Each structure stands twice: as structure tokens, then as C-alpha cells.
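Database features, via TrEMBL:
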type	residues	note
ACT_SITE	Cys169	active site, proton donor
BINDING	Asp289, Lys299, Pro315, Asp316, Ile317, Leu318, Phe333, Lys347, Lys351	CTP binding site
DOMAIN	17-177	domain 'Flavoprotein'
DOMAIN	196-400	domain 'DNA/pantothenate metabolism flavoprotein C-terminal'
REGION	1-200	region 'Phosphopantothenoylcysteine decarboxylase'
REGION	201-402	region 'Phosphopantothenate--cysteine ligase'
Amino acid sequence: MYNETLSVFVIQGDNMKNILIGVTGGISAYKSANIISKLKKKGYNIKVIMTKNATEIITPLTLETLARDRVVIDMWEKKSNYDVEHISLAEWADLILVAPATYNIIGKIANGIADDMLSTVISAAKAPIYFAIAMNVNMYENPILHENISKLKNYGYNFIDSDEGFLACNTTGKGRLRNEDEIIKIVETHFNYKILSGKKILITAGRTEEKIDPIRYLSNKSSGKMGYSIAKYAKELGAEVILIAGPNSQEDIKGITTIKVNTALQMYEKVFEYYSNVDTVFAVAAVADYRAKDISKNKIKKNDENLVIELVRNPDILFEMGKQKENQLLIGFCAESENLIENAYKKLEKKNLDYIIANHTTYFSSNKNKVVLIDKNKNNIEFDEANKEEIAKKLLNKIFNI
Ligand code: CTP
């Protein structure tokens, strides 16, 4: 999810996040200098707490210079202001990254020990905490560590597992601090995660069913999977999601308002209840273009003649949204069995869309998809075939510049 656009976003926006970096006494403590320097260059506010042991490996002066701020080590150091420092630091942090995180610090936090500045701040913090594990391979393999990690995970602490490689203790194995860029990427992904908070997104999904008689209907093979995958990821990114779904067998998504409908007319009605209040629409539903003019009250009986059912046009919900568009970002889908791009361009224009996502009808009801994202200037981006969850992520990341 990380790309260079994000770093620009962080530097230029109001989102100057506060990252508190805890440095403990593993040999890879020297790598924290690189992490601090890179995060600082990206525009984050950085404060550093070192344990006493860490100061044996890298000098506070080095980290202080890179962080452009005083490094905190001692709980009882005299200061010019009267803040309770461990509390104010805990409150200041939007995220705490402990890198390297030794066997010792993980053990202390897991067992409620707060006997120095870093362990005290972590224990008082409400911010998300990431431990980037680094230690000797035998310590790494000690089951006590894994008990502590799993206990902490249950309390919501996050871990950046170590890599395998040549270790300072002259052996090869697991315990090496993860590459600095990967650690930074995980931190940035965390911040990026809620990038859609405050946005309201309306999504239509699934098929519609247009009744002919009490037991028969006109419909199509759409599974709803693509729309539900978009809904799920948009929710994960912090958006408020309203999902208007035709019949499908997808599981409900926790935290999403899901409105179930059967017919195109019902979908149309529900969409326009919400449309004027949303920022973005993904029209993913495979809406039936026609419905029976008259629905037979009783089961239609066969006879020797051919059966003719008169069909009338359903409203084109997306076309109507395009007509009434104010500030909404309007994204349509387009399923074609031939002339994919040509037809997609026509629908993009006709329905007044900001983006159209073109896919081949062979992916209907499949778990996979292969799509082309087309913007309103007709720039195309092709995505390789992947499962629908992956495609949903790629589409949203592209559309929202994540
Ligand atoms: N759509 C809609 N209401 C309809 C038909 C389609 O909102 N009655 C939306 C779909 O959700 C999709 C887009 O319009 O986002 C294109 O749908 P598609 O079925 O590919 O095309 P149609 O416009 O129905 O055109 P055709 O069936 O002729 O290909």
C-alpha cells in the first residue's frame, strides 16, 4: 500500500503523525538511526526513548541529532517543565515503534513490568504499539518468548517478525531485525489504513431478480463478490459504507449498513435515499435491464404454444446518478463479452462517470477477476488476473491514491 505519493501526502498534509521510537539494547540498535532518519525525512514528528542498555550500543547523541529532539532515557532526569514525562510522551504518540525489540522488553511488557522510561511509557500508552523483534536465534526459539508474544497479541500489540539471516552471535537463523524500509512501510501502512475515514461510500452489489410468476424470475450469474470485496476494503480504510445488495450468498460484513433488495426498482429507490449524502459510489451490481410487464399471480402453466413474456425497461440506476451528479465520485462497472474497451468508453461518457471498471463476462460468479480501470480522460490501467479481494484493494488504492 505504500508508495511515494503517500510520503508526499504525509509531508504536505496536516497529518504530521507523532511516532515515538523505543530503542532497546540489541546489537541492531544501531539500525534505529536509519529508521529515525528516514521517518524524519518523510515529515513525521519523532521522539526517541532509549533503554540504558541501548546507549551502550549507539550513542544518544546520534539519535538525538537525527530526531532533532532530546532523547529520553532516565525516568528521574530533571527537566524545566512540570509534565509527568512518561504520561505526556504516552499521550503524545500516535504510534509507538520499538525497534529493535529485545526478548527482555517483550517479556517485561507481557508481564506487567514497568521499571524504566520505555516500559513505563508503553504501559501507559493508548496508541498502537509495534515491536520489531530482534534477538539471538536461541532466544527467538525460546517458547517463553512466543507465549509472551501471543499474550501481547491478544491485548492488541503488533509484532514485526524478524528475518532469518546471519546474526551478530556468529550463527545463522531467525532473529535479525527486519529491513528498515520494510519496518517503515508497516508503520506507514498503519497510518494509511484509515485514509478514507470521514468518507461515505455507497456500493451496489449482486444481481437483481425480476419476478415472472411466484416461482420464476429473470436474473443473472452475478455473485456479489466484487461489490462485497470493495465494501470490505473501503470499511477497512475507515469509510462509512452503505451496501445495497441484490440476492447473493455473501456473508454480511460487520460494521457495514447492508440493505437487501430484490428488484432493480427496489435498488433504484434505495440508492436515491442515500445518493445525495455520499461522497463516492461504486455501482457494481449487475442490474437487470428489463422486468416482466406483468407478474403472473399464479404459476404460469405450459401449453403447446410458445410463451411470450413482455418485458419493460428497468431504470438505469447509474445513468440516473450520472444525471443528478453533484460532487460525488461516480464509479461504474461494465461487463462485456466483446469489444470491452470500446463499450466501456461509451458507458463512461453516457453515464457521466469518473471511472469505469471493465471486465469480461467470463468472470461473472468467479472468485477471480481481470479488470481494466479507465478514468474519465480514457487513461487505461490493466490489472492482472487476481482474486476479487486483491482486485478490490488495487482498485481502491489507485482511485484514492494510496
Ligand atoms: N447499471 C445500473 N442500472 C442498470 C443497469 C446497469 O445501475 N439498470 C450499472 C451497473 O451497476 C454498472 C453499469 O451500469 O455499473 C454498467 O452495467 P452493464 O450491465 O455493464 O451495462 P448496461 O448499462 O446495462 O448496458 P448493456 O446491458 O447494454 O451492456
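Even glycines carry a Cβ here, placed using N, Cα and C.
Just so you know, of the recorded positions Cys169, Ile317, the Cβ with the fewest other Cβ atoms around it within 10 Å is the one at Cys169. The average per-residue pLDDT of the prediction over the region 'Phosphopantothenoylcysteine decarboxylase' (1-200) is 86, rounded to a whole number. Rounded to a whole number, the C-alpha distance linking Phe333 (CTP binding site) with Cys169 (active site, proton donor) is 56 angstrom. Filtering Cys169, Asp289, Ile317 by Cβ distance to ligand 1 (under 6 A) retains the following recorded positions: Asp289, Ile317. Note: the Cα of Ile317 (CTP binding site) and the Cα of the residue listed as 'active site, proton donor' are spaced 66 Å from each other. Comment: CTP site residues Asp289, Lys299, Pro315, Asp316, Ile317, Leu318, Phe333, Lys347, Lys351; largest CA to CA distance 37 Å, whole number. Cα-Cα distance from Lys351 (CTP binding site) to the residue listed as 'active site, proton donor': 65 Å (rounded to the nearest whole number).
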